[in-house]
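Visitor: Here Swiss-Prot flags 1-22 as signal peptide. If you look up Swiss-Prot, you'll see 23-130, 189-210, 262-283, 394-398 marked as topological domain 'Extracellular', on the strength of sequence analysis. Per Swiss-Prot, the feature disulfide bond maps to CYS41-CYS64, CYS55-CYS96, CYS78-CYS112. If you look up Swiss-Prot, you'll see ASN50 marked as N-linked glycosylation site. Annotation source Swiss-Prot lists transmembrane segment at 131-151, 168-188, 211-231, 241-261, 284-304, 373-393, 399-419, citing sequence analysis. As annotated by Swiss-Prot, topological domain 'Cytoplasmic' applies to 152-167, 232-240, 305-372, 420-464.
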Amino acid sequence: MDSLLWATWVLCLLNLWGVALGHLHLECDFITQLRDDELACLQAAEGTNNSSMGCPGTWDGLLCWPPTGSGQWVSLPCPEFFSHFGSDPGAVKRDCTITGWSDPFPPYPVACPVPLELLTEEKSYFSTVKIIYTTGHSISIVALCVAIAILVALRRLHCPRNYIHTQLFATFILKASAVFLKDAAVFQGDSTDHCSMSTILCKVSVAVSHFATMTNFSWLLAEAVYLSCLLASTSPRSKPAFWWLVLAGWGLPVLCTGTWVGCKLAFEDTACWDLDDSSPYWWIIKGPIVLSVGVNFGLFLNIICILLRKLGPAQGGLHTRAQYCNYLLPWSCPLPQVPRERTDLGPSSHEITVQESGTRNCQLPWRLSKSTLLLIPLFGIHYIIFNFLPDSAGLGIRLPLELGLGSFQGFVVAVLYCFLNQEVRTEISRKWYGHDPELLPARRTCTEWTTPPRSRVKVLTSEC
């Protein structure tokens, strides 16, 4: 097997990694390295006098053989890229004979081995990963579209909290759609040379993918900021600037992505804009994402501390407990019933009792552990695992977690914060079965409020 045929076979194997990793095109790195080596070899050969007896410098597709005198042997190590296959690359020898260069010895498949079983194993593995993330994104898109339709159609559910949820759902849809667009544009088929592809569609798909990713992280951060402000506020009517969150959630990704596109057009308009993660312009995209994940993690810890401090038996006030049940555990607080006055009025005739709305069941340890787990998909805390590692680190674990499980994040968020939301379920039931609208006030929370002893009242409050 000659060097060109062996290089082609290696590229076929590397292409499997490229399809699975999206922007980590190992085969493109290999091709780029070969092209650089070939160019350097040809330039060196042009500056050498080949008129003397012997063998001229030549490029055989993998290695650059220098000018050599007749009867001499030359030994060169295999290209460094073969070390990716976990084996120690050997060396190849060639003899300069009277008739020219001899064939490489040992042959390239022997000197620069690639385990043949990798072809089948890696193809099966990466194909499975692609099927998983394609299925996950498809399910997420359907679930998120239904969730947005519900939150938009039911007027009683309109409030800042659900507005932010809707924006986050939209970013998950955009992110999943960008994955499909990029797969279609960059990996159109096995014969597509996406390493040298420089079409407008390819570049647009990469830019849209980066924009979708940034908007998703920005709205994950918006969720954390909103909840932190909500829990830290002292007045039930104090609200964070919702429209500032909207402006930041969509405006900052537009600004960063636009800046990155401008830099690529001006300074690095090569191939499909998605090959060199070492480029300094890559940090225009990567930097804000790393920062948002770090801030989100800090807010996550801060929220847990606030809940521990304010939700104790003697410290949990009306406003904080209301926000806790309404935001973190929206499906587990039983619905309030219509107030009923007592008919057996005795000495305590000034007391009006309303059925408990579920706060009594909000035991701190159990609720705190549940809310902690539920904040992880809502804030994207799981991204902290790989976000500060190099893109090529831990690929064996990173691929199934980030591409596979990450594709279902939108579905999980839609289920937890819409389909299992008690407020949403009751409003749907009211619309479907015609229940009394008073059973679901527009902005209901599960709280209780105790007035002075002679007139103890338990009421429902409105807080979103």
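Cβ coordinates are placed from backbone N, Cα and C, and glycine is handled just like the others.
Just tell me what is around each of these and how deep it sits.
Guide: Its own atom aside, the Cβ of CYS41 (disulfide bond) has 18 Cβ atoms within 10 angstroms in the protein chains shown.
The Cβ of CYS55 (disulfide bond) has 23 other Cβ atoms within 10 Å, all protein chains considered.
For the recorded site, CYS78 (disulfide bond), the DSSP three-state label reads coil.
Residues of the same chain lying 6 or more positions beyond the ends of the transmembrane segment (131-151) and with a Cβ under 8 Å from any Cβ of it are 157-158, 162, 165-166, 169-170, 172-173, 176-177, 179-180, 400, 403-411, 413-415, 417-419, 424, 428.
Non-local neighbours of the transmembrane segment (168-188) in the same chain are 18-19, 22, 133-134, 137-138, 140-141, 144-145, 147-148, 151, 194, 197, 199, 201-202, 204-206, 208-209, 211-213, 215-216, 218-220, 222-223, 272, 274, 378, 407, 409-410, 413-414, 418; each lies 6+ residues outside the stretch with a CB under 8 Å from one of its CB atoms.
Sequence-remote contacts of a segment are chain residues at least 6 beyond its ends whose Cβ falls under 8 Å from one of its Cβ atoms, and for the transmembrane segment (241-261) they are 160, 163-164, 167, 207, 210-211, 214-215, 218-219, 221-222, 225-226, 281, 284-285, 288.
Residues of the same chain lying 6 or more positions beyond the ends of the transmembrane segment (284-304) and with a Cβ under 8 Å from any Cβ of it are 210, 213-214, 217-218, 220-221, 224-225, 227-228, 231, 252, 256-257, 259-260, 263, 368, 372, 375, 379-381, 383-384, 387-388.
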Visitor: Between the disulfide-bonded residues CYS64, CYS78, where is the Cβ count within 10 Å the lowest?
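Guide: Counting other Cβ atoms within 10 Å of each of the disulfide-bonded residues CYS64, CYS78, the minimum falls on CYS64.
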Visitor: State the three-class DSSP label for CYS41 (disulfide bond), counting H, G and I as helix, E and B as strand, and everything else as coil.
Guide: helix
Visitor: Work through the disulfide-bonded residues one by one (CYS96, CYS112) and point out the residue whose CB has the fewest other CB atoms within 10 angstroms.
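Guide: Sparsest of the disulfide-bonded residues CYS96, CYS112 by Cβ contacts within 10 Å: CYS96.
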Visitor: Any idea what the Cα distance is from CYS78 (disulfide bond) over to CYS64 (disulfide bond), rounded to a whole Å?
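Guide: Spelling it out, the Cα of CYS78 (disulfide bond) and the Cα of CYS64 (disulfide bond) are 11 Å apart.
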Visitor: Can you grab the distance from CYS96 (disulfide bond) over to CYS64 (disulfide bond)? Cα atoms, rounded to a whole Å.
Guide: 14
